[in-house]
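First comes the structure, then the notes that go with it.
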Amino acid sequence: MARLSRERYAQLYGPTTGDRIRLADTNLLVEVTEDRCGGPGLAGDEAVFGGGKVLRESMGQGRASRADGAPDTVITGAVIIDYWGIIKADIGIRDGRIVGIGKAGNPDIMTGVHRDLVVGPSTEIISGNRRIVTAGTVDCHVHLICPQIIVEALAAGTTTIIGGGTGPAEGTKATTVTPGEWHLARMLESLDGWPVNFALLGKGNTVNPDALWEQLRGGASGFKLHEDWGSTPAAIDTCLAVADVAGVQVALHSDTLNETGFVEDTIGAIAGRSIHAYHTEGAGGGHAPDIITVAAQPNVLPSSTNPTRPHTVNTLDEHLDMLMVCHHLNPRIPEDLAFAESRIRPSTIAAEDVLHDMGAISMIGSDSQAMGRVGEVVLRTWQTAHVMKARRGALEGDPSGSQAADNNRVRRYIAKYTICPAIAHGMDHLIGSVEVGKLADLVLWEPAFFGVRPHVVLKGGAIAWAAMGDANASIPTPQPVLPRPMFGAAAATAAATSVHFVAPQSIDARLADRLAVNRGLAPVADVRAVGKTDLPLNDALPSIEVDPDTFTVRIDGQVWQPQPAAELPMTQRYFLF
């Protein structure tokens, strides 16, 4: 019996078990560990759509109606890259959720068809063959300064935004906060028509618990403590006390100037309670020079923002101007200039690289328009992974040499912007991974453009954004091919396929009856018991020390010397600027 060669099989159906794929132009390779579509042994039985192909009536398409359980959409033959593994499978979507990961087709004539992936007349097909599928990005640090950032986020594969703001107000440009019931209501209403899940953070800087509770009833999903509003030990303690009762998360930007205490005082005020530490390295703010040491605390859930990812020869130069603008500083005032300069330290930025590679810093967000770029979360993450592989070699468990594959490193890094922030903020029951039962917030990538620009972005099972050519052309592919909104981005559809994450107290207060919103309000899960060990593949707790005079960083006793990268992948090969 004739058999297909592996090369020919890959040309027809995409990679299979044992094949390796390079991610964009990085040094990262992933190996497919399982093929649930069949593989060369069942060649010809794969679910493939097209003229003369498998998914036709009484062939790969069966008789099952939607009422019989047929999925609304099947993504065929995709390589799934997620924190739990790297496999090839067909993915079934129904009612906006993932219902099956396995083999699709017609069980009347095909073997091994998953019971929830029976293709019928009601089923649409998206080809994932020779493409990669990931979960949509969960950006855990977004300043809602202007609505245009949502366009940029979607075009980069972001499907969930955690943050706050009211527009280009000085408070929003600095602090990621939507303060008070009125602002929360107006922002929840204004965001209703975008095909993105939103979770707004209320202002946590107060010693008045009543002011915190009213924000939870008004639609906040949690709180943000920011030094520009005064992150005092008393405010930290009060906010966490309310959060412990409410079950919500608190994000912290601590006191850079050490006016109300040092990092040890903040750790004392936190008192072992779960907290999300924003820009843990410190360039984005926090106790100078040693806020990075909180990454060694088991109750602290540490994240980075993307402008310091990875450390390059240009990182320091661009940060000073960013700081002056974002924090409303005056370069003619010496104290303001000193404040800005105290936050930019090559040694801690370099240490941030290796702490990510070890899994000691667990998440990456954007800090959009406030010292970060909303469209570069994914790109900066993989640039960091590339730089670390070049400097540190293969991670433990990853083969090197001619059989090199970076599955462990890739799974660690993808978790930083998908499942880890979802767990930290109580959303992982709905989002954060490619798993059955979750919203079909999925991103398809061409391997050559992985992490650079998505091929298709699905929001709740509907195609919301895609790389699309000239609309007046005779076929969809003629240039210019640009990321463009699709039908799933229409306001009514977006509301039907997206949610606002809110505190459970707002559900109890019947917030939906008081808002002009069409989307569902989804209560966040209780996160008060979430610690670093709950963040998959990113739970390392090394010893971290910072010399207060030289800013030298020791990780498990070893000095990590800055070696800023002079060249990166995913840059001028893809972008003009």
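Sequential numbering from 1, following the chain as shown.
Cβ coordinates are placed from backbone N, Cα and C, and glycine is handled just like the others.
According to Swiss-Prot, the protein carries these features:
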type     : residues                       : note
ACT_SITE : His327                         : active site, proton donor
BINDING  : His141, His143, Lys224, Asp367 : Ni(2+) 1 binding site
BINDING  : Lys224, His253, His279         : Ni(2+) 2 binding site
BINDING  : His226                         : substrate binding site
DOMAIN   : 136-577                        : domain 'Urease'
MOD_RES  : Lys224                         : N6-carboxylysine
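The structure, with features from Swiss-Prot marked on it.
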residue	record	contacts (Cβ under 8 Å, 6+ apart)
His141	Ni(2+) 1 binding site	Ile162, Gly163, Thr176, Ala251, Tyr278, His279, Ser303, Thr305, Gly365, Ser366, Asp367, Ser368, Gly372
His143	Ni(2+) 1 binding site	Gly163, Gly164, Gly165, Thr172, Lys173, Thr175, Thr176, Asp367, Ser368, Gln369, Ala370
Lys224	Ni(2+) 1 binding site	Gly164, Thr175, Thr176, Val177, Leu201, Gly202, Lys203, Gly204, Val250, Ala251, Leu252, His253
His226	substrate binding site	Ala174, Thr175, Thr176, Val177, Asn205, His253, Gly285
His327	active site, proton donor	Ala174, Asp228, Gly285, Phe339, Ala340
Remark   = Averaged over the domain 'Urease' (136-577), the pLDDT of the predicted model comes to 96
Query = Across all protein chains in the structure, which of the binding-site residues His253, His279 has the highest Cβ count within 10 Å?
reply = His279
Note = Counting every protein chain shown, other Cβ atoms within 10 Å of the Cβ of Asp367 (Ni(2+) 1 binding site) number 31
Ask   = By the DSSP assignment reduced to helix, strand and coil, which category contains Asp367 (Ni(2+) 1 binding site)?
value = coil
Note = Taking the centre of the Cβ atoms of His141, His143, Lys224, Asp367 as the Ni(2+) 1 site, the remaining residues of that chain with Cβ inside 8 Å are Val142, Gly163, Gly164, Thr175, Thr176, Ala251, His253, Tyr278, Thr305, Gly365, Ser366, Ser368, Ala370, Gly372
